[in-house]
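So that you can see what the record holds, here are the features copied from Swiss-Prot:
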type	residues	note
BINDING	Cys20, Cys23, His52, Cys55	Zn(2+) 1 binding site
BINDING	Cys116, Cys119, His141, Cys144	Zn(2+) 2 binding site
BINDING	Cys296, Cys299, Cys312, Cys322	Zn(2+) 3 binding site
DOMAIN	227-365	domain 'PADR1 zinc-binding'
DOMAIN	254-288	domain 'SAP'
DOMAIN	381-473	domain 'BRCT'
DOMAIN	504-604	domain 'WGR'
DOMAIN	626-745	domain 'PARP alpha-helical'
DOMAIN	752-977	domain 'PARP catalytic'
REGION	177-199	region 'Disordered'
REGION	218-237	region 'Disordered'
ZN_FING	8-91	zinc finger
ZN_FING	104-179	zinc finger
Amino acid sequence: MAAPPKAWKAEYAKSGRSSCKSCRSPIGKDQLRLGKMVQATQFDGLMPMWNHASCILSKKNQIKSVDDVEGIDTLRWDDQEKIRNYVGSAPATASSAAAISDKCTIEVAKSARTSCRRCGEKIKKGTVRVSSKLEGQGWYHASCFLEMSPAATVENFSGWEILSHEDKRAVLDLVKKDAPSSGQTSSKGSKRKNNQNDIHDCKAPKIIRSISEGTAEDKGKAVVSHDSNANSSDLQEKLKEQSDTLWKLKDELKKHVSTAELRNMLEANGQDTSGPERHLLDRCADGMLFGALGTCPVCSSFLYYHGGQYHCSGYVSEWSKCTYSTTEPVRSKKKWKIPDEMDNGYLTKWFKSQKAKKPERVLPPMSPEKSLCQSTQQNRSFLSEGLDKLRVSIVGQSKDVVDGWKQKLKDAGANFNATVTKDSSCLVLCSELESENAEVKKARRLKIPILREGYLGECIRKNRVLPFDLYKVEAALESSKGGTMTVKVKGRSAVHESSGLQDTGHILEDGKSIYNTTLNMSDLTRGVNSYYILQVIEEDNGSDCYVFRKWGRVGNEKIGGTKLEEMSKIHAIQEFRRLFLEKTGNPWEAWEQKTNFQKQPGKFYPLDIDYGVRQGPKRKDIDKMKSSLPPQLLELMNMLFNIETYRAAMLEFKINMSEMPLGKLSKENIQKGFEALTEIQNLLGNTNNQELAVRESLIVAASNRFFTLIPSIHPHIIQDEDDLMVKVKMLEALQDIEIASKLVGFDSDNDESLDDKYKKLRCAITPLPHDCEDYKLVEKYLLNTHAPTHKEWSLELEEVFSLDRDGEFSKYSRYKNNLHNKMLLWHGSRLTNYVGILSQGLRIAPPEAPVTGYMFGKGLYFADLVSKSAQYCYVDRKNPVGLMLLSEVALGDMYELKKATSMDKPPRGKHSTKGLGKTVPLESEFAKWRDDVVVPCGKPVPASIKTSELMYNEYIVYNTSQVKMQYLLKVRFHHKR
């Protein structure tokens, strides 16, 4: 991952066009300026608010630390000193070491539940550990902490006085080990040279390396001693001399060498020739003084100097930038080349005076604070263990309960907030939800998830932050200001409402071409999450055309802009194609014809959006039309086709709603999302055969790909299986939303009655009388089989509908007649999935989907205890009514297992899989339905099998034809807390 952006940027003005935000006067070209970095409103990114350096440095408390200033080490030395003097501390001084020491805690570990945030290993009970308030309440091994911050004064740490004498001595031994004196060889590093003032002989101090270089033990780590003022002064003198030499060379090059000659010289030495003159000067000066840089070992792209390190400028794939960085770049040992054809007296004279052996570049040392933060960030990036980022607020019945969790969270390295704040990760309830509770109200207002108490226990047990979705008491309302985009479909597409032409125009169609596209780009390494909408709109009653553009950041209406240009049809098409090529790097025909389209690095990717084509004449006053459906069925149709239900589901999954028409992501786009998740699953499982740096870059690239294909408000690196499974469930829900959208439409002009929509399901749905035998059997089955551990809610049966989906019985009849062991079993699912289920039947996860999260492989899962399946309805207090299925399942001979086992299908001779639970329905209370179908409606009792890892039975079939949906139940959940 790229380092987070800094608060300030320092540079010499590239032109005289900028104005100072403080004094309002122009900033002259090449004048030192300081820019405060702010979120841009017209594009997805940060922009500097420029000021004269003198205007900023004349005010108090503007810049807090030199580490907050990007580009400070590339300024002329005198200008660097101005900023350092303003801040009041030079890098790596005793004062900064004292500052970091004041922010640390040291103690003996009270348990073995915490993990070191640097190495990821468990911190054993009874061993000394250190916490830095700079990084929250996470813990480190004392040795790991002192390796990252050798300048820290442990005697100033909070808790030092209460350590035992033996522990103090052990820690002080580590301090001595990690801080070698000047002129001595460190136990983990190389020997520092003394009394070498010539820049050509100075040795570059090594600092914390990128994770891409491996661990410190791979090559050794030279530690810059901060205990010696002489050493620090010597280093500063070398840095000053180096800076003066670099700037003298750049000034001479700018005076005597043209831009074309700079490019030719860089090309002759195998260096990057792109960019403006200032970048060419930087690269030439670096290469001429220290030798030509080698290429990135990960992706073979060019390296460039920035912020005390050399970074890769390339892309590890078409989806992601390369994250490689190093302080020890490979350089050519040959002399810097001057092309033979170049006739430049200055360069010829310089070449003759060039020394054969180049010195190493002296790199500025990190301040202890920056060293700690960066090392922690790098080493933690793919160690998902640890709870240091979790900030929890708790509402409990008693102070003792809250205090108990508070201590457990502290021991685990998590953070406890006494009250809900905007920085809180979640609010956890240790009691029944009280809507009038002040903290609950605040959480709702701040859109912070409200979770069950069990979430904390699971996080502590697994020692990582788990996804919130499975533990939500109620879904946080996370709609963006604009809500869902209004869609009016005309022809085969829809005009964007922001154009103002929805009522008077339509998307231009020219043969098979539909001039409308939505582009997306998510790049986690750059913090980019952008969309770009491009349309050609033709007037309904004329031939005039408009090119409409809208761009911004996904989920943030305050960032971005629009543009509407009127032009002729021919010019509008040309402009559309030009912009598409500019934004994607591909011609329009490649996407339109689905041939040879290649995602280009740093470019947008088109989303495959299916608006569908409405057929049939419009009808007015749909709501006033009489329905022929029974009242119970009419109410069910209202539930199934309520657009707000689908909108809430997409918001829960943090799908972008302001620019994504509801349900319009195509089936192909969702399949590509599954493919990206499968790639991530394979990378997460491949821990032995790949370098960590390469694996990290590939996971970032696959995450970029996923969030580009599936626009999300909060993209992030998908780096553990829990998060991966949440994304799989999200895509499964999107599949059903896509089916519902295609079947009945969600656009604002949809004019179908509920009777019409019911017919489109192609599934006969008949309400059962409450006094019939089948209804009573289903009710008994529901009331009897509530599992003892599912205490959060009870279930009330409201309606039962018999089902007969077109064609399902004919497929099932073969198995019904040939397989024994048929049972009536439960299946639960989200309300938004049922249009897809009723119209297409229960479906097995597609081949593109990862296998993560399926205990017994990809199949259809059923239960014999109602509450086991009811968990998957995902209802809440606000919407307490869900739907459940009772299906007749032909199980045949079952492959019985006591623990999760990955498989594609059961062994030969077996027709299904049964996971054996420790609690089962009482067999003596089973009933028979329609002669040969078993209804396991007995009360839950302990099973004879005690060693199983499963709490309750699970039944899995791997062929959809073994299932016949029989009943749809409308069930009300009564939440107890």
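Each Cβ is built from the backbone N, Cα and C atoms, and glycine gets one as well.
Features per Swiss-Prot, on structure.
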residue : record                : contacts (Cβ under 8 Å, 6+ apart)
Cys20   : Zn(2+) 1 binding site : Pro26, Ile27, Arg33, Trp50, Asn51, His52, Cys55
Cys23   : Zn(2+) 1 binding site : His52, Cys55
Cys116  : Zn(2+) 2 binding site : Lys122, Ile123, Arg129, Trp139, Tyr140, His141, Cys144
Cys296  : Zn(2+) 3 binding site : Phe302, Leu303, Cys312, Gly314, Cys322, Tyr324
Cys119 (Zn(2+) 2 binding site) in three-state DSSP notation: coil
Sparsest-packed of the listed binding-site residues (Cys55, Cys144) - C-beta count within 10 angstroms: Cys55
Lowest local Cβ density (other Cβ within 10 Å) among binding-site residues: Cys299, Cys312: Cys299
Secondary-structure category, per DSSP, in which Cys55 (Zn(2+) 1 binding site) falls: helix
Most Cβ pairs under 8 Å with the domain 'PADR1 zinc-binding' (227-365), selected from 381-473, 504-604, 752-977: 504-604
Mapped DSSP class for Cys312 (Zn(2+) 3 binding site), helix or strand or coil: strand
Between Cys299 (Zn(2+) 3 binding site) and Cys119 (Zn(2+) 2 binding site), the C-alpha gap once rounded to whole angstrom: 26
For Cys296 (Zn(2+) 3 binding site), the three-state class that DSSP assigns: coil
Local backbone state of Cys20 (Zn(2+) 1 binding site), from DSSP in three classes: coil
Fewest other Cβ within 10 angstroms of its own Cβ, chosen from the binding-site residues Cys119, Cys322: Cys119
Residue distribution over DSSP helix, strand and coil in the domain 'PARP alpha-helical' (626-745): 81 helix, 3 strand, 36 coil
Cys322 (Zn(2+) 3 binding site): secondary structure state under DSSP, collapsed to three categories: coil
